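Down below is the structure, laid out as structure tokens.
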Amino acid sequence: MIQITLPDSSKRDYSGPVTVAEVAASIGTGLAKAALGGKVDGKLVDTSFLISQDSALSIVTAKDAEGLELIRHSAAHLLAYAVKELFPEAQVTIGPVIENGFFYDFSYKRPFTPEDLVAIEKRMAELVAKDEPVTRRVLPRDEAVAYFKSLGEYYKAEIIASIPANEDVSLYREGKFEDLCRGPHVPSTGKLKFFKLMKVAGAYWRGDHHNEMLQRIYGTAWATKDELQQYLTMLEEADKRDHRKLGKELDLFHIDDHSPGLVFWHPKGWTVWQGVEQYMRKVYQNNGYQEVKGPQLLDKTLWEKTGHWDKYRDNMFTTESEKRDFALKPMNCPGHILIFKQGIKSYRDLPLRYGEFGQCHRNEPTGGLHGIMRVRGFTQDDGHIFCTEEQILKECVDYTTLLQKVYTDFGFKNIIYKVATRPEARIGSDESWDKAEHALIESLRASGCEFEISPGEGAFYGPKIEYTLKDAIGRQWQCGTIQVDFSMPERLDAEYVGEDGARHRPVMLHRAIVGSLERFIGILIEEHAGALPTWLAPEQVSVLTITDSQAEYARGVAKTLQNQGLRVNLDLRNEKITYKIREHSLQKLPFILVVGDKEMAAGAVSVRARGNKDLGVMSLEAFAERIASDIAQKA
């Protein structure tokens, strides 16, 4: 007798071993039809999995997160099946699930074309319509290697050969196609109705640039037609908001082949940068931070002490001078400890808060670079707080409150909070971890935040809070963080004199609110679709003349506004006013002021707000008050 416990705690008895599919069928035909897999004692399995002992079982359907994972995993194999049908000489390699979809890498004699993608997608739909069952079998490793070699699938054979010899491997078959996979999979191809192939890109075999360049086909798959359409619509909107496209259209920045992964800021883009930096500088000044500046080039021995040399060496730019090895800093924290160590520090000095707009460099692979959001050189609003364990709670509460205000000012209202707790491998006593985790959790509770716990996802040297922004089209961007660090003060011998007169190690809190300024500006551009709020816009007002006769008056208007600290563009060109209005509107300016003879005679301006809103004629003084109010309110 086998007893199955269901999620509602009800129990069902079966006379002998039973599959997940059979349990689903015994509950109801609707559930049997919807079943994609099961979770047996917490482990995700196929519907064909045989349960041979008393177990807890939940049936997984397309409504579950695990169900969507199964759909995407199986869709990757369906893609490989279709490619092998159409291009028999192609060799299959790997095909994992990724965020919102999947990909599969192929080796083929020529690049796949957009027309090929259309044909592959069509064949996938045909295979779905056939509703072919997906079956699993297990082979000894060496037998599996020989099997795939006999098929001419040498990449797959190489993967299997790297598995320990005493391990069996599982294969999944659908129709004529069989692939190596741990599984689980959906029960049949008919469960994979809602998918779309997105693009083809290059990818090196095993991620090594010394190996062959493969072709990676990306796709997306969803549980319903509506979800697929919503995702495709979101992608269309994201494309319109793409910061790389808007950066060019609005003349903000460019990336040049002469310096891959580094940003050339144009005058307007640098104005935005300065707006963000000066705002964050005031945040430092108003919240007890002392701004510091450390060198970019630091001796290798420092990075060896901190542990970065062992873990991040491949991502560091290095150089040699006078028989000494140096590295461009990938992060600012060691430099801040060196500043902290200058002079004796007392418990009365704590908490001591340092802030820096620190320029860092990381040798990111070319394929991972993405506009100004993923670069090799970036500047962080990097702060470090040196404090005692007892001070962690208050510092975290204050930091969260500050972060919320900053994000609100930049137009972000939706923040997701996560606490990453101790991993298995860690340093420090359990007592210290207890205090640190308690402080982080209580700081969020005190701030009125709902939050998630991410067990085991803290760093080996301390727990952290991650602050993730949700943007206008539902995408998530992890920006802010506050990280407790017990390790680095120990490694670099940072000390303070306690109230007892003895030497003590400070706790170090790593914190950043916007993180990389480059990335944050990219997020801002996409969040606002290029129409940055008035206080941050590179040009806040354009003054346009209708004819040459208003030129002198327009200059006076522009000068008056500039004297009030506004960023003003003056357009005196002898062009049609409709043309000029359209041109400046495309630059997404907050306000356009048109001056003709009537406005000049009245000492006024005709005001157009962004979005083609005609605010009518108003005095220059009234307009100045209006825009000043918008700026003050961060509108």
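Including glycine, each Cβ sits where the backbone N, Cα and C put it.
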Return the residue out of CYS333, CYS360, CYS479 that Swiss-Prot annotates for the same Zn(2+) site as HIS384, HIS510.
CYS333
Between the binding-site residues HIS384, HIS510, where is the Cβ count within 10 Å the lowest?
HIS510
If you run the three-state DSSP split on CYS333 (Zn(2+) binding site), which class comes out?
helix
So what sits near CYS333 (Zn(2+) binding site) in its own chain, CB-to-CB under 8 Å and at least six residues off in sequence?
THR306, ASP382, HIS384, ASP485, MET488, MET508, HIS510
According to DSSP, which kind of secondary structure is HIS510 (Zn(2+) binding site) found in, if we only use helix, strand and coil?
strand
Starting from the Cβ centroid of CYS333, HIS384, HIS510, the recorded Zn(2+) site, name every other residue in that chain with its Cβ within 8 Å, sequence order please.
MET331, ASN332, HIS336, ASP382, GLY383, GLN483, ASP485, MET488, MET508, LEU509, ARG511
